[in-house]
Structures are given as structure tokens and as C-alpha cells.
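Visitor: This is the structure, below, for whatever I ask next.
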Amino acid sequence: MIGRVVFSGIQPSGNLHIGNYLGAMRQWAAGQQAGLNIFCIVDMHAITVPQDPNVLREKTLEVAGLVVAAGVDPEKSLLFIQSHNPDHANLGWALNCFLSMGQMNRMTQFKEKSEKKDFVSVGLFDYPALMAADILLYDTTEVPVGEDQRQHVELTRNVAERFNSRFGETFVLPVPVIPKSGGRVMSLVDPTKKMSKSDADLMGAVGLLDEPDAVVKKIKLATTDSGTEIRYDVKKKPGVANLMGIYSLVKGKSLAEVEVEFQGRQYGEFKTAAADAVVGLLKPLQARYKELRSSGGLEKILANGAKKSYELSHKKLMEVYEKVGFVRQ
């Protein structure tokens, strides 16, 4: 046990966007001073639904590179790819034997993801067992999750308690933490919905790797309204309010300050300023990302992260194997 340990699993799917950066990734970088922060690119979870192998491979590296480019320091935090550490799958199998079918059947996310599907994998059903292994291998104390994943962390606590009750103190009981969002960023096309990395309408989200021209185009075509006043009113002016929120987060200004700055000015001027601000935000991040991908630096970071993660996780796995009665090699 090494004190405060925070485990974050990141799916390598879709396109990471400014909502991800402003809402979470920027906070990851800022929170690296306290305890051990673990960032795991969960490619094994990704294949619980059909994936194009080449796309998955590229997205896994892309997401890992963007995590580092966004400010996660591999010297302070632990970053690795889930499939690079076999302990995750091995502990996941062991935990299967301490979870009931009834518990798994009650997982609401499985019901939602499997609804109206012709083929539903056992992996999707068993997803929470692997997620529990991800968390419990590292004596994790905190798991930042959205409301849709809270139930899985509660299941993780439950299986840890069951194992501890039978074999003695083995696993730390993690706490689900709903992160304080750095800001809720909505779709540029439909500002009543969250910006999504899996949105079918590519104009709805500004990707972290979007070229400057694409960023400008998306923001200039963003939904506003037929009025002219630049005022923060989520109900009556959701599109304008969304752009104001983005601008305030990027520039570090309050919404009141943004209102004063653009008082009496036109939507076109405001959109130009918002686009320039976002382009300026992304420029250093994209430069760092490109340097990581072209230099081979990312692969070295991930190899080192996998090695460090294994050094931590394997002690826990061997402890579990000993307690359940496996013959040691």
C-alpha cells in the first residue's frame, strides 16, 4: 500500500475533443502532485464490442500520445496500455470466481450496450470483472468515474470485500469519485447535448488534433440563435452560452467578464475570437503530440510504463494466487 492511488481507465475509441481536455485532461495534469496517478489505455475493454484492428491500434497510440501531450508527466504518473500487462486478464479471471451471475446481470451498462444487438460478447457481460481487476491490482483508493460507471466501482468494492472476508486482508476498497468537471462542453451542432467523441456529426466536436482551418470552420458554423446579444443564458441561448463557456475556460475568464468583453459586438466577432482562442490552446498540445509520435518517444514511455505497472501489479497477483491455492512456479 503506497497511500493515495488514483486509477483512470481511458477507452481508445472515438476522437478526443476539447470537451475531454477542458473537462478532465487538464485536471489530470494539475493533480499529479498528490499520490500515485495511474492512466491505463484500456484496449482490452475496447474489444468487448467489434473493432477494426488497425483503427484500434492507431487510436490506442493516439490516445496515449494525447494524454502525455495534455500534460500528464510519465515521470510523475504511470501511463501504460492495458494489454501490455497480463496481470489484468489473470486477476480478472480469478475475480470471476468470486462474482455471481446475479450480480453481473444487474449491471445496467451491460443492459444498455447489449440492447437490440444481434451479437453480444461474453466479454461485454464480463467487463466489470476486468474493470475490478484493473482497479484492485494497484491498491487503488480512488476511481474517477462518470455516473454510468459508479455501479462498476461498487461491484469492485463488493468482490474485494468478499475476497477479503474469505482469505484475509488482500484488497484495498476503492472509492468512486465523480470528478468536478473543469466545465461542461456541449455539442456545437446541438448545444443541448454533451460534446461526444463518438458523435456521428463531426461538426459537433472540435477534436484535439483538428487542423486550425477545421477548428475555425466548426466554431464559425456552430449553432447560435436569431438574436444578437452575447449573453449567458443556457435555456434561451444554449448555443451562445456554450461558446461563452468554451471561451471562458480557454482564456481563464469568468462568464461575467466574457459578457463585458463582447458587449455590443456581433456573433461573428465573438465566434472569431472563440476560434482563435481554441486554435491557440491546441497549438502547443498538437506540437508536443507530433514530436512524441515522430521521435519514438511515446513507445519508450509506454514500454517503461508497462514495466513499472507489472512491478506493482505482479506482487498483488502472486498474493492472490497464493491465497486461492495455486502452485507457485
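Using N, Cα and C of the backbone, Cβ positions are placed for all residues, glycine too.
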Visitor: Per TrEMBL, what member of Val159, Val177, Val185 joins Gln11, Pro12, Ser13, Gly19, Asn20, Gly146, Glu147, Asp148, Lys194, Met195, Ser196, Lys197, Ser198 in binding ATP at one site?
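Guide: Same ATP site in TrEMBL: Val185.
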Visitor: Fill in the CA-CA distance, Asn20 (ATP binding site) to Asp134 (L-tryptophan binding site), as an integer in Å.
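Guide: Answer for this pair: 22 Å between alpha carbons.
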Visitor: Looking at the binding-site residues Asp134, Glu147, which sits with the largest number of other Cβ atoms within 10 Å of its Cβ?
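Guide: For the binding-site residues Asp134, Glu147, the Cβ with the most other Cβ atoms within 10 Å is Asp134.
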Visitor: Max Cα distance spanning Gln11, Pro12, Ser13, Gly19, Asn20, Gly146, Glu147, Asp148, Val185, Lys194, Met195, Ser196, Lys197, Ser198 (ATP binders), Å?
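Guide: Spelled out: the longest distance between any two Cα atoms in Gln11, Pro12, Ser13, Gly19, Asn20, Gly146, Glu147, Asp148, Val185, Lys194, Met195, Ser196, Lys197, Ser198 is 20 Å.
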Visitor: Reported as an integer number of Å, what is the Cα distance between Met195 (ATP binding site) and Asp134 (L-tryptophan binding site)?
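Guide: Given the Cα positions, Met195 (ATP binding site) is 27 Å from Asp134 (L-tryptophan binding site).
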Visitor: List the helix, strand and coil residue totals of the motif ''HIGH' region' (12-20) as derived from DSSP.
Guide: 3 helix, 1 strand, 5 coil
Visitor: Measure the Cβ-based neighbour count of Val185 (ATP binding site), defined as the other Cβ atoms within 10 Å of its Cβ.
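Guide: The answer is 24.
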